[in-house]
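Here's what TrEMBL has on this protein:
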- 6-296: domain 'RNA 3'-terminal phosphate cyclase' (DOMAIN)
- GLN62: ATP binding site (BINDING)
- 142-243: domain 'RNA 3'-terminal phosphate cyclase insert' (DOMAIN)
- HIS278: active site, tele-AMP-histidine intermediate (ACT_SITE)
Amino acid sequence: LRIMTLRPQHLSGLEIVRDLCEGKLEGGEIGSTEITFTPGKIKGGTHIADTKTAGSVCLLMQVAMPCVLFAASPSELHFKGGTNAEMAPQIDYTLMVFKPIVEKFNFTFNCDIKKRGYYPQGGGEVVVQMSPVKELSAINLTERGTVTKIYGRAFVAGALPIKLAKDMSAAAVRCIRKEIRDLYINIQPVREPDDQAFGTGSGIIIVAETSTGCLLAGSSLGKRGKNSDKVGIEAAEILLKNLKHGGAVDDSLQDQLIIFMALAKGVSRVKSGPITLHTQTAIHFAEQLTKAKFTVTKSEEEDPSKDTYIIECQGMGMINSNL
């Protein structure tokens with residue numbers, strides 16, 4: 001397989017899958033542009049994946065999860081790296097949005113944050129426990145419903161004062177209030193306990209829950225020289241943009257569901273906003289690697305101002321032969 005240049009978290013992802021299935025990996029060095037991977041039988045068990053950087057633990061989880069579901073026995077995975085990193089879902093997003101929605105495919109997992117870790121040193125650790133399933137069920141996420149509540153957390157860790165978290169929260173609430181006037185918005189400012197966080201970091205995640213059980217979010221990370229009001233407003237604007245397009249999933253969840261739709265039995269349907277490049281890529285590879293078939297159609301909305309699409313997938317109906 002020819003690839004872009006291999007980064008530390010990509011390599012850690014390949015290594016955890018190799019370990020899970022006692023496979024062979026050649027060309028697995030940082031900077032490599034070609035790898036050969038030969039899978040074996042997915043065993044499960046206890047494994048550690050450590051990026052040794054602020055590489056995202058959430059991306060490692062995304063790589064391992066589909067494998068673990070079709071393993072022979074339960075797995076306990078220790079992921080080490082960044083829990084709240086740029087260019088990846090924050091661990092809070094994984095727990096607050098990804099987990100409840102992905103469990104609709106008919107499996108459950110437990111994710112315990114042992115320690116949070118931030119850019120640039122990482123140092124976070126989460127433990128994921130998961131049992132295999134016989135098969136995955138198709139999902140239907142096409143009814144958005146109306147927003148019933150908005151909640152979230154604004155956090156600081158390490159050397160940063162709680163005032164920054166309060167500022168992020170207040171700015172986010174003010175921004176949402178301009179568009180949504182009548183809902184109670186609860187964004188908790190928190191300071192991560194020192195024994196549960198490594199390094200210094202800050203950020204915010206805001207989730208909107210709807211009457212049909214949809215969850216859509218906006219999030220942002222603080223960094224040196226970035227005004228805390230701006231961090232809060234950025235997250236609020238992402239949330240509002242996700243609410244505006246009328247999809248039942250937000251732009252970040254869209255691509256994370258593709259692999260599960262491909263593996264599931266039956267037809268899955270998801271209503272989303274504009275299709276992201278990540279989702280196009282995920283569909284391309286899911287179709288190449290499985291017998292799943294995807295179609296994406298513009299949603300015939302009553303409201304022409306909404307830019308929505310239906311992602312439909314005839315899943316391959318993967319059966320876990322180990323069970």
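Including glycine, each Cβ sits where the backbone N, Cα and C put it.
Sequence-distant contacts of HIS278 (active site, tele-AMP-histidine intermediate), defined by Cβ-Cβ distance under 8 angstroms and a gap of at least six in the same chain, are GLN254, ASP255. Around the Cβ of GLN62 (ATP binding site), the same chain contributes GLN256, each under 8 angstroms and 6 or more positions distant in sequence. Summarising model confidence by region, the domain 'RNA 3'-terminal phosphate cyclase' (6-296) averages a pLDDT of 97.
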